Amino acid sequence: MSDVIAAEQRNDKRIVQIELGDRSYPIVIGRRLFDDASVWSSAGEGDCAAIVTNTTVGPLYAATLERAISNRFRRVIHIELRDGEEFKDAASLNHIFDRLLSERADRKTVLFALGGGVVGDMTGFAAACYMRGIPFVQVPTTLLAQVDSSVGGKTAINHPLGKNMIGAFYQPRLVVADLDTLSTLPAREFAAGLAEVIKYGPVLDPQFFNWIETNIDALIARDTDALGYAIQRCCELKAEVVAKDEHEANVRAVLNFGHTFGHAIETGAGYGVWMHGEAVGCGMAMAADLSARLGMISEAFAIRLRRLVERAGFPVVGPRLGADRYLELMRHDKKSEGGEIRFVLLDEDGHASIRPAPDTIVRQVIDANCQRS
Ligand code: NAD
Ligand code: GLY
């Protein structure tokens with residue numbers, strides 16, 4: 001295990017430490033964490049806390065969270081946003097600022113982001129901006145947020161001209177991932193998180209890839225032991241990457257494995273036709289095929305990953321868009337440089353690198369893996 005990471009299992013709690021000097025923080029993973037006072041000690045204390053959530057998650061968990069922190073703060077404000085990616089915008093951000101200012105929240109106020117990646121990204125950005133930076137705590141309630149978006153300090157809102165285009169790198173002071181909250185998560189949201197779990201194996205950890213293959217049925221069944229271990233391992237792997245490259249100058253981009261083809265599928269098929277998890281799942285199978293065609297991994301390894309994606313319940317045949325349209329869409333990817341598409345490609349033994357690929361080979365991948373005209 002890397003020396004930047006200290007994951008330990010205390011009773012039924014798993015703790016992963018993100019090591020970023022004076023911005024280090026723990027991620028606590030487990031069940032019944034809202035009832036455990038020791039979990040919240042790193043959240044701080046003071047005059048004011050604000051729980052930022054949405055109209056779906058708030059009614060389920062905001063009162064429970066308030067009970068967990070009310071002995072640490074003299075008052076707890078509730079800020080409820082509308083639910084949906086379409087509300088991850090400047091208007092919602094401004095609503096958070098309006099409430100904080102009208103409640104006279106000072107610069108020691110702690111924001112608690114209670115929800116999925118949308119609430120987490122917006123609350124984190126609000127914390128980065130309000131009075132030039134106030135502390136915040138991530139309380140992720142989707143699988144995607146527990147394994148990915150709540151960790152590592154990427155915060156953002158969308159702009160009409162691009163997703164996540166306005167944001168900041170700003171780390172939370174604590175992440176609390178309560179597995180019990182996943183019991184109310186709709187199936188399609190759970191699947192989106194499962195695709196992100198799978199991505200960590202092939203790019204960073206071959207043993208974890210084996211473990212996912214063995215435990216995929218338990219993960220699909222939301223077995224809390226299996227989920228607890230998977231979330232811990234994903235957070236450890238992400239912690240290692242973030243400690244090396246917090247601002248995504250280079251290696252952090254490997255966390256986008258499968259997302260280049262995946263975003264093209266999502267956008268090309270029409271937003272909402274393919275679920276995000278489905279598109280990333282199929283995108284991983286396509287990226288593995290591209291890696292094999294470039295001689296970076298064996299064909300057998302690409303087939304193994306494709307089988308896992310299928311067993312997880314994701315389609316492995318992309319929609320019929322035509323190779324020209326796929327290429328056009330992928331040229332808009334954030335990793336593209338000077339119009340050249342850069343893919344996250346696999347090497348053997350759980351490594352990945354970001355590099356371009358000849359259009360002719362990419363076309364072969366699209367022809368082999370997508371519905372034909
Ligand atoms: P989301 O936040 O929209 O949550 C999905 C849905 O599930 C929402 O309707 C939400 O209200 C609901 N929900 C959340 N928790 C629930 C629960 N426990 N029970 C019932 N319903 C619940 O979506 P997401 O998949 O969590 O996050 C996607 C967002 O994350 C995107 O905006 C993406 O850009 C961002 N993201 C950020 C990072 C990062 O590093 N910051 C990484 C990946 C994704
Ligand atoms: N989800 C990719 C990252 O945090 O870098």
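Backbone N, Cα and C atoms are what each Cβ position is placed from, and that goes for glycine too.
As given in TrEMBL:
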type	residues	note
DOMAIN	79-191	domain '3-dehydroquinate synthase N-terminal'
BINDING	83-88, 117-121, 141-142, Lys154, Lys163, 181-184	NAD(+) binding site
DOMAIN	193-336	domain '3-dehydroquinate synthase C-terminal'
BINDING	Glu196, His259, His276	Zn(2+) binding site
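Everything TrEMBL records as a feature, shown here on the structure.
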| residue | record | DSSP (3 states) |
| --- | --- | --- |
| Asp83 | NAD(+) binding site | coil |
| Gly117 | NAD(+) binding site | helix |
| Thr142 | NAD(+) binding site | coil |
| Thr181 | NAD(+) binding site | helix |
| Glu196 | Zn(2+) binding site | helix |
| His259 | Zn(2+) binding site | helix |
| His276 | Zn(2+) binding site | helix |
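Fewest other C-beta atoms within 10 angstroms, among the binding-site residues Thr142, Thr181, Thr184, are seen around Thr184. Long-range Cβ contacts of His276 (Zn(2+) binding site) within its own chain (separation 6+, distance under 8 Å): Ala192, Ala195, Gly262, Glu266. For the binding-site residues listed here (Asp83, Glu86, Glu196), the lowest count of other CB atoms within 10 A around the CB belongs to Glu86. Other residues of the same chain near the Zn(2+) site, with their Cβ within 8 Å of the Cβ centroid of Glu196, His259, His276, are Leu144, Asp148, Ala192, Ala195, Lys199, Gly258, Gly262, Gly277, Ala279, Val280. Of all Cβ atoms in the protein chains displayed, 23 besides its own lie within 10 Å of the Cβ of Gly117 (NAD(+) binding site). All chains included, 29 other C-beta atoms sit within 10 angstroms of the C-beta of Gly120 (NAD(+) binding site). When the Cα atoms are compared, Gly117 (NAD(+) binding site) and Glu196 (Zn(2+) binding site) turn out to be 13 Å apart. For His259 (Zn(2+) binding site), the same-chain residues lying six or more positions away in sequence with a CB closer than 8 A to its CB are Val280, Gly283, Asp333, Val344. Here the C-alpha separation of Gly120 (NAD(+) binding site) and Glu196 (Zn(2+) binding site) works out to 17 Å.
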